[in-house]
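This is the structure, below, for whatever I ask next.
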Amino acid sequence: MWSSKTTLMFGVAAIALMMFLSSASADDVVALTEETFENEVGKDRAALVEFYAPWCGHCKRLAPEYEQLGTTFKKTKSVLIAKVDCDEQKSVCSKYGVSGYPTIQWFPKGSLEPKKYEGARTAEALAAFVNIEAGTNVKIASVPSSVVVLSPDNFDEVVLDETKDVLVEFYAPWCGHCKALAPIYEKVAAAFNLDKDVVMANVDADKYKDLAEKYGVSGYPTLKFFPKSNKAGEDYNGGRDLDDFVAFINEKCGTYRDGKGQLTSKAGIIASLDDLVKEFVSADSNEKKAVYSRLEEEVKKLKGSSARHGDLYLKLAKKGIEKGADYAKNEIQRLERMLEKSISPAKADEFTLKKNILSTFA
Amino acid sequence: MTMAFRVRNPDLRFLILLSLLSITSAKVFFEERFDDGWGNRWVKSDWKKDENLAGEWNHTSGQWNGDANDKGIQTSEDYRFYAISAQYPEFSNKDKTLVFQFSVKHEQKLDCGGGYMKLLSGDVDQKKFGGDTPYSIMFGPDICGYSTKKVHAILTYNDTNHLIKKDVPCETDQLTHVYTFILRPDATYSILIDNVEKQTGSLYSDWDLLPPKTIKDPEAKKPEDWDDKEFIPDPEDKKPEGYDDIPKELPDPEAKKPEDWDDEEDGEWTPPTIANPDYKGPWKAKKIKNPNYKGKWKAPLIDNPDFKDDPDLYVFPNLKYVGIELWQVKSGTLFDNVLITDDPEYAKQLAEETWGKHKDVSFFYSLIFFGLRYAIERYDLLNEIVFLQVEKTAFEEAEKKREEEESKDDPVDSDADEEEEDADEAGNDSDAESKTEAGEDTKEEGVHDEL
């Protein structure tokens, strides 16, 4: 008896703590009550009010979007973003005819006669609605996109550029699969942001029907790959998750990225130089110079990114001669320590390439 | 007993008199009450027999009924096809009202299955009657899961089956219900359940038997000066000075140069970047309502050159059979009192008689059902009360203990208030868990092609 009561008491305390934590994180949206509703709404500023219930699944899905909306309009004095818990404030909700959850209603300045919001339940759509009704122009904070947005104006310039490998997503705004793909596609584009030869692009094929027709697009989303060597384009038929896209691009474009955009442990390594490197490592100081000369001869034959990586081989080999036997091992450790710290992505790439090449010298 | 008989007698006499009057002008093309000679009139099909999927019919009044002697035929085996038909003298409904009526009872608490019947025309081999046999009219309830609970009213015109475009819900309980379909010479129709009209209208508007009378003018073009943009960029809204100079990313203020950094080897250190919260993407002017907005443009309607009226739209010239053709996952559907006539009044009386027999049972059954539901609700409430009481007791005990401890120090009243509020919230939260979600979903267009 005592133990079950104790357990129950802890349960009550845990619930109370959870409620405190959840309320603490919702500061930007004003929670209204029966007492405060008519002090805040219908006065000197307009209000958008979400009527919700804590147990409502759709309300939970809306919550992060609505919080973002609250944050966005926090500094706007003429608009209040608010919410009402209909489980606790029953009289307010019945007064305004709330029969389903969530219900979102717009109260113009000085009015208690609401207009029901029936648009999409995203922060962008809600902000657009509020901006029109309130006459404001508040913008949602925007995360920069790495995807190139195509239109008839720039399609040929980007897609037919023979110095670039271009993957194009033909989408339609109303297509559910396209919406599911969008965040994944964005991540892929971000991962290859530093590879200037790789372009991730999309085009609204519903809006630009001529482009869709020209490239034989009949369903959405359709993905087509335009490599440097084939600007007629080929269909992408691989999987549509992050790893599948990354693997495809690495294979087709000669890149070495992972899903987070970091270089893999194979990046920068040139297989044709492996034997010479082994020979270099095992040679004595006099022979090292001779092997180094042969490395120089081989590097001159390389092209493209391999040429740049080959130059790194030579630079690091020279350091090895100058600094002695432990240079490779010590330098790898130093680079690893710095890769765990605050460095820019471009520098991280440089360090990873060095580390990978040095691993063949160790 | 004597009293009951006396009450019955006047009704019966009145009914007989009325029937006699009706018979002088009305015509009954087919009537089946499933008395003991029913087997001579109905032919069980051999459809699905070879596959051992043909179900057997029971001649019964069912487990609950208003009159044990009033029998129908009931499906008896699960996961079976049922196909049975009866013939009547061939007739045409031209210039006549056609009434097709029967009663259905789903004793099995049906979750997925049909309860409809068909009228067939011309010559049909009744031993081969099945799902592919052409029919003229299909009418009756169909249930499957939570989404399908409808009354079918399918009319065949020019060898094509046309579904009614209206959504007519059917009854889903386990009691007898009478379904009535009335088709009139003016091409209007009615659907009744237990003599209550559920839908009425015209064949022209509620089926797609003929091409539409009017169509959008294909020659019409939207005028060039027609403005259908509801919102436009506000010409007064100017891009703030310096907007384009806001960087997408900022140096991370938290970043520090690593200790192992070698300027000579690694070059000058630059910090990584973070997204700039002040960056808002490309400039978009505020939207305002377009003062020139004229609404969405619609092409004017013109008479459809493909439309050709058919005064005999409602006519089925060779009606000859009535059939039941079903697949039942869960058996137990009982059919009775099949009537095909040109007299809606007679049908109404038969429906009243049929439904009236069973309605007392219906009342009693409903009483049991609602009583049971009430008991369940009371039990749930009792459970909740017990839970809250235990919770309250635990809270009071904790409170008491805290007060005892505080008596050694200065008491703090505001703390007590806060804890009380927390307890109330906890109670509400547990109460909320039992409620059904009443969410709303934004509709997505299903018209477009998706991979």
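Every residue, even glycine, has its Cβ placed from backbone N, Cα and C.
Those TrEMBL annotations? Automatic predictions, nothing curated.
The shown structure was predicted, so the numbers you read here are calculated from the model rather than taken from an experiment.
From TrEMBL, for reference:
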type     : residues                                         : note
SIGNAL   : B:1-26                                           : signal peptide
DISULFID : B:CYS112-B:CYS144                                : disulfide bond
BINDING  : B:TYR116, B:LYS118, B:TYR135, B:ASP142, B:GLU325 : alpha-D-glucoside binding site
COMPBIAS : B:214-259                                        : compositional bias 'Basic and acidic residues'
REGION   : B:214-276                                        : region 'Disordered'
COMPBIAS : B:397-411                                        : compositional bias 'Basic and acidic residues'
REGION   : B:397-451                                        : region 'Disordered'
COMPBIAS : B:412-431                                        : compositional bias 'Acidic residues'
COMPBIAS : B:432-451                                        : compositional bias 'Basic and acidic residues'
Who sits close to B:LYS118 (alpha-D-glucoside binding site): which same-chain residues at least 6 apart have their Cβ under 8 Å from its Cβ?
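When sequence neighbours closer than 6 are ignored, B:LYS118 (alpha-D-glucoside binding site) has B:TYR135, B:SER136, B:ILE137, B:MET138, B:PHE139, B:VAL322, B:GLY323, B:ILE324, B:GLU325 within Cβ distance under 8 Å.
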I'd like the number of other C-beta atoms within 10 A of the C-beta of B:CYS112 (disulfide bond), please.
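There are 13 such Cβ atoms around B:CYS112 (disulfide bond).
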Quick one: DSSP breakdown of the region 'Disordered' (B:214-276) into helix, strand and coil?
7 helix, 12 strand, 44 coil
Using a 10 Å cut-off on CB atoms, tell me which of the binding-site residues B:ASP142, B:GLU325 is the least crowded.
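Least crowded of the binding-site residues B:ASP142, B:GLU325, by Cβ count within 10 Å, is B:ASP142.
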So which one is it: of the recorded positions B:TYR116, B:TYR135, B:CYS144, which has the fewest other Cβ atoms within 10 Å?
B:CYS144
What are the other residues, in sequence order, whose C-beta lies within 8 angstroms of the center of the C-beta atoms of B:TYR116, B:LYS118, B:TYR135, B:ASP142, B:GLU325 at the alpha-D-glucoside site?
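Going along the sequence, the neighbours come out as B:GLY114, B:MET117, B:MET138, B:PHE139, B:GLY140, B:HIS152, B:ILE154, B:GLY323, B:ILE324, B:LEU326.
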List nothing but the largest Cα to Cα distance in Å, as a whole number, among the residues B:TYR116, B:LYS118, B:TYR135, B:ASP142, B:GLU325 that the record says bind alpha-D-glucoside.
17
How many whole Å apart are the CA atoms of B:CYS144 (disulfide bond) and B:TYR116 (alpha-D-glucoside binding site)?
13
According to DSSP, collapsed to three classes, what secondary structure does B:LYS118 (alpha-D-glucoside binding site) have?
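Where B:LYS118 (alpha-D-glucoside binding site) sits, the three-state DSSP reduction gives strand.
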Whole-number Å only: compute the distance from the Cα of B:ASP142 (alpha-D-glucoside binding site) to the Cα of B:CYS112 (disulfide bond).
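Between the alpha carbons of B:ASP142 (alpha-D-glucoside binding site) and B:CYS112 (disulfide bond) there are 8 Å.
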